[in-house]
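Annotated features in TrEMBL:
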BINDING   Gly260, Gly261, Ala262, Gly263, Thr264, Gly265, Lys266, Thr267  ATP binding site
DOMAIN    239-533  domain 'UvrD-like helicase ATP-binding'
Amino acid sequence: MPRLALSPEFLHGLDALPRPVRREALLAVRRFLLNASTAPHPERVRNCRDPRVATLRLADRHRGVVVRQDDVYWLLTVLPDAEAWSYAQRHRFGVNTAVGIVEVWDAEALERIEPALRRASRSGGRPVFEDFCDTDLLNIGVDARLLPLLRMMTSEAHLAAVEPLLPRSQFAPLSALARGGSLAAAWRELDACRCRAADEVDPEDLLTALRRSPDRAAFAADAAELERLVAQPHWCTFLYPPQHTYANWPAYDEPVLITGGAGTGKTVIALHRAALLARAATGPVLLVTFSQGLATELSARLDTMVGDELVRKRVEVGNVDRIAHRIVAEAEGRAPALVSSDDLAGLWQEAAAGRFGKHSGRRFGSAFLLREWEQVILAQDLRTLEEYQAAARPGRSVPLDAGARTLVWDAVQHVIGRLRETGRRTLLQLASEAAGLLGRAVGDLLGDREPGREPYRHIVVDEAQDLHPAQWRLLRAAVPAAPNDLFILGDPHQRMFDTRVALADVGIPVRRFHLKLSYRLPPEILSWGVRLRGGGPADGLVAGNAGLYGYRGLGHGPRPMVREYVTPAAEIAGLVSTVAEWLREGVPTAEIAVAARTADLVRTARTALREAGITVKVALLHGMKGLEFRRVAVIGVADGIVPAPDALTPAAEDPTARAHDLQRERGLLYVACTRAGELLYVSYSGRASPFLPV
Ligand SMILES: Nc1ncnc2c1ncn2[C@@H]1O[C@H](COP(=O)(O)OP(=O)(O)OP(=O)(O)O)[C@@H](O)[C@H]1O
């Protein structure tokens, strides 16, 4: 049985130590793990609230705090001597009686606020938990010692005041009740705090509770495991309960879709699921996302997480375009040539200007024709005019009669023909062809029932909201329909492209789960972002997507700084002095990013920062997707820049398309703003963008 379990706080504490102290502490932990003769001894602490607590002298004037049961030690933190003793005395360590997970709480701080609460309760008001008897509260795992304090509370604010002092498994169900929720709602909150169900809970059995709490304790069986735990980023080891549940579920009988707002840990789940499937060695795994930049990032993170080379090799990480390209190249024996976006735009203009773009004296613009091709014809894989005539056109508000459809069809055929003449294709055409190639297995022709050419056994998709139906069809064709085939993560509110798709329509009926807690965003940035995005439902992926209701952040931070400047030059000067100040405050360069809607603004900001000797990341709003930084400055959030006028379809041409364009522009700004885990700065000169919350 492993002798030592580490808590994430211990690893945080270790990282915060000066290097020589850290090294010494780590060696001491190693000696303790190996039970070496020179290992530190557990020393009792006087006046502790829990007799199982002890300290280990880990380095000069630094101690670890451990809770012990039999021969197993849970290492909770490492601190300077006096702070370690105080920590050991102040805290209480227990097991939640309802769900059997470990809990740590600052009992002394709770005792200190008791007199103030008592005074507040004397001034009247309806007790918050009046409708619930003690047994009700105990049944949802509330610690009996908390009851007197809870009975004094007469407003939700009283409970909010003790949030930082309570374990989440105590606070979350109580908070549901305080908001007027039922006991069932409180149970749901509690359920979300555990990684796995407990059969029977023994509150004295700390070891079993530790095993049930993989987000709170990681066991190190030997020195190599200890090294790995210490070296890896914490998301590699400690998964929050919903992450743990979804990533480690043994088998999903049908495709799974997990949605969740910015920072709810979707990418971390994707990485863990891919690693789990690879360890199971049931067949090749594809971890796929929509851009090459994000794929490279995912690949690097998987390298960090999976030490075993054999396991790592079972996961291919890529983006859908590249995979489509490769499949077509393999089938045709050479790399397909792609048309540039400028050349493609020229072809659509040609079509719009010619007879094809005209109907009853009305002209269809090139943008209209392109959208019709991508969002109706390619999206539904329509192969003939008859199919197109009969097709629904969801999301397209300009009605087309049969004559108009014939003209649009001719225009599309004209462009396809011109592309064919020059041997070029678009990426979406490649996706469509690749899906066809995979589906057209040799076996099918022979009436063979065996799957034909699916190259993967499992596919994990991150940032799913931006994939086009043709890309989904490719992914569907690339994996046989079987348990654990498709595991999909996305956030329709972060969509950056106009690719509305109902997964069921592309042969992927899904079982859906939803994440609500953001581990990146403090509530101040999150609630501002939600107002910016508009909290309503976002369509895409599945019907009836929830709005952002219930989406919450952890901890607290400063409110976003919104700065108005008189001129663009003053705005850039303001940016430079803000970023310089962040650097002076000690924020590392790599933890700062600047984003803007236009390439011009990006260039101007980059040059001004460089002239001030500052080299932080400066990117377009599009380029911020999937990334995160401690501090983010989004500049040029002015009327006339955001939304970008060129990116909006004129309302007279297609009002629905315009509404979609506006949503997409909003989404872009929302994505950039939600990359900031600590501080968000937003600036504009002139009039503010209409998207900015007032
Ligand atoms: N188990 C974990 N332990 C530590 N940190 C975590 C864990 N899970 C997520 N995080 C952190 O929370 C943040 C958000 O995680 P992640 O990038 O997976 O979220 P996301 O839902 O994919 O975000 P987005 O949709 O905004 O790209 C990151 O800083 C990540 O490191």
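Each Cβ is built from the backbone N, Cα and C atoms, and glycine gets one as well.
Where the annotation comes from TrEMBL, it is an automatic prediction and has not been curated.
On the structure: features taken from TrEMBL.
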| residue | record | contacts (Cβ under 8 Å, 6+ apart) |
| --- | --- | --- |
| Ala262 | ATP binding site | Asp491, His493, Gln494, Ser518, Arg520, Leu521, Leu526, Gly529, Tyr670, Val671, Thr674, Arg675 |
| Gly263 | ATP binding site | Ser518, Tyr519, Arg520, Leu521, Gly553, Glu628, Thr674, Gly677 |
| Gly265 | ATP binding site | Trp235, Tyr240, Pro242, Gln243, Leu515, Tyr519 |
| Lys266 | ATP binding site | Ile258, Gly260, Asp462, Leu489, Gly490, Asp491, Leu515 |
| Thr267 | ATP binding site | Leu298, Arg301, Asp462, Leu489, Gly626 |
Indicate whether Gly263 (ATP binding site) is helix, strand or coil by DSSP.
coil
Mean pLDDT for the domain 'UvrD-like helicase ATP-binding' (239-533), rounded to an integer?
88
8 Å Cβ shell about Gly260, Gly261, Ala262, Gly263, Thr264, Gly265, Lys266, Thr267 centroid, ATP site members excluded:
Asp491, Leu515, Ser518, Tyr519, Arg520
I need the least crowded one of these binding-site residues (Gly260, Gly261), counting other C-beta atoms within 10 angstroms of each C-beta.
Gly260
Counting every protein chain present, what is the number of Cβ atoms, excluding its own, within 10 Å of the Cβ of Thr264 (ATP binding site)?
27
